[in-house]
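According to TrEMBL, the protein carries these features:
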- B:ASP51: active site, nucleophile (ACT_SITE)
- B:TYR109: substrate binding site (BINDING)
- B:8-102: domain 'Pseudouridine synthase I TruA alpha/beta' (DOMAIN)
- B:141-245: domain 'Pseudouridine synthase I TruA alpha/beta' (DOMAIN)
Number of protein chains: 2
Amino acid sequence: MRWKCTCSYDGSDYAGWQKQPEQLSVQQVIEGVLAKLLKEPVAIQGSGRTDAGVHALEQVFHFDWDWRHGGKSLVKALHALLPKTIRVESAVEVDAAFHSRFSAVSKRYRYRLKLGEADPFQWPYCWPVPAQLDLNLLHAAMQALVGKHDFAAFAANRGSGLEYETTVRQLTEAKVSQDGDFVDLFFRADGFMYKMVRSLAGTVVNVGLGRLPLSEMVALLSSAQRAPLVQAAPARGLYLEKVFYS
Amino acid sequence: MRWKCTCSYDGSDYAGWQKQPEQLSVQQVIEGVLAKLLKEPVAIQGSGRTDAGVHALEQVFHFDWDWRHGGKSLVKALHALLPKTIRVESAVEVDAAFHSRFSAVSKRYRYRLKLGEADPFQWPYCWPVPAQLDLNLLHAAMQALVGKHDFAAFAANRGSGLEYETTVRQLTEAKVSQDGDFVDLFFRADGFMYKMVRSLAGTVVNVGLGRLPLSEMVALLSSAQRAPLVQAAPARGLYLEKVFYS
């Protein structure tokens, strides 16, 4: 039987989602706990990677195991064994045709900015930017990104080990939301490339700070070429918020 | 000249305030940064210790140095060098008679409870307790602590390396405040002993959960004897909130 699980994690202390040699990843921790629980190695498949330091509010993974005690007891057993920085929130039995990555139709990321300085407790969870950030300009820059575009200018291939069949993605939502001194950027698309959200966030913030004219950002998008002008925002402000399935 | 500084820190990754061999303390990090800035070793004096994992919203320390560029520039220079989990918020020149520890007239601590489970982002900053915690009982337990008492029952001498002249303290404030799923306990006194706040928090929570009758807590306080019944709440929920000077 196939289990679909959702989990949240504080990515601060992990080398990202994906298992890799000699570094502690979220996937590795969960697989380790499952192996302990089920007394055999189990491979889990995530909906996608998150980078080192990136957080998740609702990452999805699946795995196959003949667990006969129901989803609630699986969640309870995992809770007892997992570190507190990783929580499996739900486990439901799904059809064998379900695949956490290939069945996903879209994903939403949140990028959290802090206007002004971050205190020691906010620091691991946001990116502090100068308070003179122009929210109207920021909003305009976000709106210019919505739609179907070749986002090659905002993809970092180098170091990702990933080859993309296409760099065209459909961004269906690019929203700005303010909550006191925090400003959240929401990005929803049918898919994201390596460092794409952080590159988009870094760029719209540069527009909002008056460091990059909006017209240049639009030209950059049209160019479909990665440029040194595009700087990725730090990982710690980024959250995988939700994975959508049809 | 003498400088009085206030600082905040996320204690998660530090072995407490006090300098000690082979472990990274907040004091050691600040002294290291000052030595780098001033090109000579400088000793700082904190208002008191905080345990490993305990946070501070406004710890106070002082040091003597002939710094001629004003408090603002000192704060700015420290900010550039300190890790983001420690922030020096202010630096003001004070009279040589000022002493961060001996001039303090009282301190306020906050202990943060979470009703129900903590998510991965809340975990390092609170103590999750069962949601059936009775806030009226908790409040009554807190009120029973107010006043001048021998708090020996709530002091942990062992391992502290501290000898107390007296275990009598005056608790002037013991307040409960709810903020959604968070419940904050505030303790203000003329002084606190090693693990005293955490022992008080652990005990009033046991009363609020119906595990310890209020009358037994009162008897415990009167006994002025440490008992195994007294369990210290975890360090991560505790914040040194403010140090008061006359």
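Cβ from N, Cα, C; glycine included.
Just so you know, TrEMBL annotations never went through curation; they're auto-generated.
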Taking only the residues in the domain 'Pseudouridine synthase I TruA alpha/beta' (B:8-102), give me the average pLDDT of this model.
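Mean model confidence (pLDDT) across the domain 'Pseudouridine synthase I TruA alpha/beta' (B:8-102) is 95.
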As a test of the contact definition, list every same-chain residue at least 6 positions from B:ASP51 (active site, nucleophile) whose Cβ is closer than 8 Å to its Cβ.
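Those within reach of B:ASP51 (active site, nucleophile), by Cβ under 8 Å and sequence separation of 6 or more, are B:GLY11, B:GLY16, B:LYS195, B:ARG198, B:ALA235, B:LEU238.
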Note down the number of other Cβ atoms within 10 Å of the Cβ of B:TYR109 (substrate binding site), including every protein chain shown.
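So the number of other Cβ atoms within 10 Å of B:TYR109 (substrate binding site) is 24.
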